[in-house]
Amino acid sequence: MLTTGSVSKRSQLNQQQQQHNNLDASMLAQREGTPMGELTPHEEILYLRRQLAKLNRRVLNIEINNEQRMQREKIVYCLGLAYFVLKTIFWLNRN
């Protein structure tokens, strides 16, 4: 037979567990890309290294795209300049 003291303790434990679960869910929403739970220092270092490698790849990709864009702009600029120089020469020779 249950006493009122044990029933109230169980209800308190259930409330604490629900609050803890709600807190975990809110933390999960805030820390979407991070692993949950306590990490050992070794696991944390490995996680940070993976994140750093991902960031390095993204930065390298951005740098390569930027270099390619600059080369395209140089080519387009040179072609446009050559077009207007030739148009000017033809216009001067016409008169």
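Cβ atoms here come from the backbone N, Cα and C positions, even for glycine.
Taken from TrEMBL, the feature region 'Disordered' applies to 1-34.
If you look up TrEMBL, you'll see 1-11 marked as compositional bias 'Polar residues'.
Marked as domain 'Mff-like' by TrEMBL: 2-94.
Residues or ranges marked as compositional bias 'Low complexity' in TrEMBL: 12-23.
Annotated transmembrane segment per TrEMBL: 75-92, in sequence order. Sequence-remote contacts of a segment are chain residues at least 6 beyond its ends whose Cβ falls under 8 Å from one of its Cβ atoms, and the transmembrane segment (75-92) has none.
For the domain 'Mff-like' (2-94), the model gives a mean pLDDT of 83.
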